[in-house]
Each structure stands twice: as structure tokens, then as C-alpha cells.
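Visitor: So Swiss-Prot lists the following for this protein:
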- 22-84: region 'Disordered' (REGION)
- 31-45: compositional bias 'Polar residues' (COMPBIAS)
- 48-60: compositional bias 'Basic and acidic residues' (COMPBIAS)
- 66-84: compositional bias 'Polar residues' (COMPBIAS)
- 140-164: repeat 'LRR 1' (REPEAT)
- 165-189: repeat 'LRR 2' (REPEAT)
- 191-211: repeat 'LRR 3' (REPEAT)
- 212-234: repeat 'LRR 4' (REPEAT)
- 236-257: repeat 'LRR 5' (REPEAT)
- 258-282: repeat 'LRR 6' (REPEAT)
- 377-533: domain 'Fido' (DOMAIN)
Amino acid sequence: MDKNLNLWDMSTFIQQYGALTADHPTHTPEDSPQTVPSPRSSSAHSPEIQELRSLQETRPARLGARSQSRSSKHGLQQCSSSPSDESFRLHAELAAWCERVETKPSLLAKLGCCAAPPVVGDHREQRREAMERIMRCLDAGQAGTQLTLRDLNLSQLPPGLHRLAHLRDLDVADNVNLTRLPEDLSLCKHLERINADGCSIAALPSKIGALKNLSEISLAFNELRTLPDSIGQCSSLTTIVVPGCKINKLPASLANLTQLKKLDVAANIELSELSPHMNLDDVAVHSTQTRLGLMHRIFKAPTFDPETRQRLSYQASALRDRWAALSHHLSPQARARVDQMREGASTTLSSQDHKASTAWKTATEKVSSWAEEGAPITLDRIFKLNQLLLPEGDDDNDPIGGQLRKVGIQAAPSNTWTECRYPPPETLKDEMAKFSGWLEHSEQQAHARDALGHIEFAAQLHQRLVSLHPFDDANGRTARLAMDWALQRHGLPPAPPVGEASRLPASFLGGKRVSPEKVVLETLEGIATVMNQVHQ
């Protein structure tokens, strides 16, 4: 068969294979001539051939609908396609696409024009349904902004999607045999949202960067190992959702996406790096079940304008001087009120848990002795604090103190598995190493800090420990005792939490961020509250 046969040119088709309607004479046993339909004749009435004829007959009428304009200067005629002609072209492309996977082998397949269709998965591909939806979208004109091809068991996307001039939203999710998004998808210039969750996509168009209006792309649970470099050219992109894939590397070009607000790469267990040039200040990164250690990149030192810093510095110095005058003459009742305020920040201590209360008192005494000695705050001592707060018990299920957690956890109350998740356990070793480096550097600068500087360090220490949540339990109590240690070592009183920022100072990669300035201000307020309690 001629492989270059134009399936839509019926004259060529007939010349190649003969008239499909011709009847061939034959003879009965009595040698009486009869006419019986040939196999080709019977096939001529199949839906496929009828559609071919219909297209061939309507083509001249459609082509005649073209609008023409003549240039008098050059004597040349220019033709532009009318909507009806565009519809014909798209219909022809889709009809040919459908021919390749009919439920029954088509006549063209019998003749060798295309292979007989395999069954894809447990069901046939619903290409006819996809074709009808596309044509309805085209016929809708400006209202045809959405196209849903979800769960049609497609192994490839239909051709001609770029002919849908008003397409904004494309949903091809749950086509489990779909392995790639075609290159010509980058021609859909007005596309804003793509949902291809739950497929088997291993490759995106290399020129996807041409989609300048694309704002959201969701490719959860696919076979992707990376994203094309050109995605960094999608200047309107705000959301990238690719959890549950096989991504082990992300392009550095993501740093160019200045509008990006959400990057969900959860459950890509081989992913360990993100471009250092990517600004995470305004990007929520969902990194559960990855090896991405990014918390050190969202921790910031507090910054105040000169006027505010001068005012706060004066206030901090005044509080330190007042505490120095009062701390050696506190009555037992005043000390009890301060301790009650500190314990009230913990739901565990507030629940009258005798074992936890005893451990808290032991750890508090240890912090006081370290503060009096002027002992530097180190990572080893913070681990020791957590161990004191979680003494070994008789129950094998009790959390073990002083060890990094090995499970993923989230803040409570929370109804999301990404937005309020603490760092993955796979990243904690590296995260704590970076935290230890920050501690050492801060300790070296301690002699140069004023009272406000000591409060800023204590507030950051509290926030960073709570945000990392490195232990199985007692993370909040460990962080508060570490903060009190940092304050008491420099002649300041403990600072019980008094506001939302100081009670819940954690910042999350995937969601809420608490400014360090707010934590510092509420730490100052907590110190002032202690002073008021002492005066009563």
C-alpha cells in the first residue's frame, strides 16, 4: 500500500483500491450469472467510509466559505480561514486520530492504513468522547474556555488543541496511560491552568515556557523526574504542584518565577536540592517526604528601623535594670506566680501531669544552674534539656528524650498534611547542624549585644527550635526553657508567652510564617508581664 496516501482524498483512495461500491459478477452452480457484493462493497457502508465521504463532499463547501481579500498593489489574493474551515480542519484531525483506536478495526486498518487498535488498560480509549468534547468547546466560541478530558483512558492527547483559541483551563487528570504532554501544547497561548494529576506523564513540552499566561500547573502522582528548564519562562506561574512523582532534581530556572507562591514537591523522596537563588520568603514549599532541608533559608534576623530600635533598646535596658534590683528579693509567692505563668504556656503541664511537672522542675533547676555559671548554649545541652523533660518510663511506647524524631508530624490543630508540617525527619540531621552553626556564631557575638540584642537572640532561639520540632515530644517546653536560659544568663527574667506569636512562634515552609519582629515584641511584653506580677 502507498504509505503516502491522503486518507481524505477520496479520488486517490478509489484509484488505489477500486470503486468501493462496484459489484462483481459471479456464477451460481447452474452457471446463471448473478451479482454479489464484494467484500469492499459491503465495507463501503461502514461508518468510517461514510464519514470519509461526508468529509470529502463537504470540503468544497467549507473551503468556499473562506474570506478573501485582494491586494490591488501586488495583484495577489490572500486567504484567511473562516471559523467553519477551522472547524473542518480540527474535525478532520480528530477523526483521523480516532481511527487509530476504534473498538472494531476500521476498514482503513484492514487495508493497512493504520494498525488495529490495542486495548489500553482494562478499557478502550474514549477518543470519540474526547473528540465530541473538543468540538463542543470549539463551537462555544468565546465561551469555550474549559476543556475536560478527565478519566477517558487516553494514551495520548488529541491533536489540534491549539485551534481552541479561547481555551484557558485544561483538565486531563486520571488518564493513567497518558505518558506525556505533547509539544504542540505550548501553542495554546492563552492557557492558564493545566490539571494532569494521576496520569503516567514522564515528560512535559520542552517549550512550555511559551505559555506566558500559565498560572497553575498540577501534575501530582506522575512519572516525572524533573521539569524542563523553560518552565522558568512561564512568567505568570503562581502554583506548581508535583507531589508523589519521581523528581530528583528541579531546574535552577525556578528562581526566575517571581510570581510563584506555592511549590508542592511532597513525596519526591529523592529530591534533596532547591536552587539557592530561589527566594523562599513568599513561596510556600511543601516538602514532606523529601530530603529538602530548607528551614535555615526562611529563618531571618529581626530588623527594626533606627527609631524603633532605639525605643525598644531603652525599654529592654530599663527592664533589665528593674529585674536586677528585684530578683534577689522575690517573695516565695512572687516566684510561684512567675512559675505558674511559665507552666501555663504548656498544655501538658496545665493538664496536671505529675510526671511531666516533676520533669519540668528538674529541667528548670538545670537551666538556672547553667545560667548562673554563664554556660554557653550548645546543641548538646539542648538535647540534654529534652532528655530531662522526657525521663525514661515503664511504657515502651513513651517517647525517648534527647533523640531526633524519626516520624513526620504536623502542628495541631490542623486539617492539612502539607501547610503545617514540620520538617521531614530525613532532613533533621542537616537542619540541626545548620542550627548548631547559627548557635555558635551567635554565642561569639554575645559580648557585643545590648539588652535588646539578648532578647532578640532568645526570641530567635525559641522560634527556630519550635519551627524545627526536632524531638518526639516536649519540643515547646524545650524551646521555652532554652529561651529562658538565654535571658537569665544576661540578667533578664524569663518571658512566658503572652500572645499568639510567642505561644505559636513556629514558621512553616508550606504555610504560616511568623515574623521574628513580632516574636521579639511579644517576648518584651512577656518580660514586662513578669515584672508586673513581681510588683503585686
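Including glycine, each Cβ sits where the backbone N, Cα and C put it.
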Visitor: Do any residues, 6 or more residues outside the repeat 'LRR 1' (140-164), come within under 8 Å Cβ-to-Cβ of it, and if so which ones?
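Guide: Those are 86, 89-90, 93-94, 97, 101, 120-121, 123-127, 129-131, 133-134, 170-182, 184-185, 187-189, 195, in sequence order.
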Visitor: Based on DSSP, tally up the residues of the repeat 'LRR 5' (236-257) by helix, strand and coil.
Guide: 5 helix, 3 strand, 14 coil
Visitor: By DSSP, what is the split of the repeat 'LRR 4' (212-234) into helix, strand and coil residues?
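Guide: Tallying H, G and I as helix, E and B as strand, the rest coil: 5 helix, 3 strand, 15 coil.
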Visitor: By DSSP assignment, list the helix, strand and coil residue numbers for the repeat 'LRR 2' (165-189), in that order.
Guide: 5 helix, 4 strand, 16 coil
